[in-house]
């Protein structure tokens with residue numbers, strides 16, 4: 001009891017709870033990025049081919065119900081046709097581990113792409129760009145709609161109950177991901193995750209702003225909390241691709257569900273989610289905050305800088321499959337440099353946000369644009385290391401600078417109630433992750449992946465000078 005009482009009064013333990021909540025949310029956000037493209041290709045394109053009439057189809061049809069099982073390793077049919085080195089590697093590497101599905105495969109799929117060993121079904125992959133974009137964007141779209149309501153709710157009942165609701169919904173979404181075998185169920189699970197993310201992120205950031213009233217301490221705390229976000233992005237995609245390759249589709253989600261239960265137990269001990277504690281200060285209405293030009297500039301920086309990486313999530317893996325003939329494990333590892341550098345950027349620049357956040361954001365947006373312009377120049381996964389590392393570091397600069405600035409602007413120009421302003425910040429973040437994937441897939445089909453990167457890169461470079469307006473914003477009396 002004394003330990004719990006001391007913990008509930010400790011800002012550091014509150015920071016730890018928010019860190020873990022953001023970590024799990026973003027692991028789930030990115031763990032699906034390398035899994036879903038191959039899973040849909042396996043269950044839909046390969047499944048349709050195996051069910052076609054004919055000798056090969058008749059023999060190939062029986063193994064596929066087991067592929068649709070979530071506990072099975074559904075990478076089996078791909079391995080025969082997606083090994084990058086070429087034909088000699090294809091038939092031998094897949095047959096020892098999975099003889100049933102590799103028997104009908106190699107004879108009929110030996111020449112999918114002359115001399116390259118890439119995935120066949122180019123038209124299916126082009127259409128999958130759009131479907132993947134909608135799937136990835138559904139989480140952000142739902143979160144976008146829920147954020148204003150969650151912001152108002154936190155001002156009325158406090159941050160503790162919404163945080164626990166976010167954990168509960170996140171746990172249900174994770175379990176649903178583990179046992180979903182169709183595109184529709186994956187879409188529902190992704191949308192459900194958006195509701196849980198809205199509760200966790202808005203309540204978590206508002207809680208941090210309230211327990212760290214000092215601007216410099218708040219900047220450091222926000223940087224550490226965003227480090228949880230960065231760490232989740234860091235380990236999500238590689239963890240998902242490796243677990244899916246060697247264990248099965250359900251395995252990464254079941255691990256996350258177990259960790260989510262531990263997070264719920266931690267929240268029960270530290271946050272007392274049964275307690276209603278409304279804000280002591282009457283919050284500024286959302287409509288008033290949305291008319292504040294300085295808050296809009298900060299929100300725009302969050303939106304456009306994150307839109308670039310949001311467009312990469314559904315389009316980069318498919319572009320790698322089409323142009324680099326990458327094996328499955330590389331689809332997740334391609335995002336590793338961005339995640340590592342984002343983790344460094346958020347922790348490094350959170351400390352500087354109070355002094356020169358506007359400059360960090362301006363430089364960060366320019367670097368985001370330049371990095372995106374360099375992505376299409378890569379010819380293999382090693383060529384993606386530099387652009388993706390620069391992209392992650394620059395987005396870390398923008399995020400860790402803008403989050404404390406949002407709280408500072410509310411203190412300076414409005415009333416010190418943080419639920420609504422961090423709802424706006426999360427809306428900006430989600431707008432980037434909603435517009436990016438949903439339009440990115442369609443734009444890749446219309447213009448191609450390189451031109452998409454050029455457009456988003458130029459947009460970020462053009463927006464960067466607006467961050468200068470945040471250099472010395474006037475207070476209410478001014």
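One is the number of the first residue shown, and numbering goes on along the chain from there.
Positions of Cβ are set from backbone N, Cα and C atoms, glycine also.
Check TrEMBL against the ranges 264-286, 448-470 and you find transmembrane segment recorded for 448-470. Regional average pLDDT for the domain 'Major facilitator superfamily (MFS) profile' (14-475) in the model is 75. Note: the stretches the transmembrane segment (448-470) and the transmembrane segment (164-189) are not in contact (fewer than 3 CB pairs below 8 A, sequence gap of 6 or more). Counting Cβ pairs closer than 8 Å and at least 6 residues apart in sequence, the transmembrane segment (417-436) and the transmembrane segment (365-385) reach fewer than three and form no contact. For the transmembrane segment (195-212), the list of distant contacts is 11, 14-15, 17-18, 21-22, 25, 29, 139, 142-143, 146-147, 150-151, 154, 159-160, 162-163, 165-170, 172-173, 218, 221-222, 225, 279, 403, 407, 418-419, 422-423, 425-426, 429: same-chain residues at least six beyond its ends, Cβ to Cβ under 8 Å. A Cβ distance under 8 Å defines the sequence-distant neighbours of the transmembrane segment (224-244), meaning residues of its chain 6+ beyond its ends; these are 15, 18-35, 38-39, 73-75, 204-205, 208, 251-252, 255, 328-336, 338-340, 342-343, 345-347, 350, 392, 396, 399-400, 403. Beyond the transmembrane segment (332-353), the same-chain residues lying 6 or more positions past its ends with a Cβ under 8 Å from any Cβ of the stretch are 30, 33-34, 216, 219-220, 222-224, 226-227, 229-231, 233-242, 309, 312, 316-317, 320, 326, 360, 364, 381, 384-386, 388-397, 399-401, 403-405.
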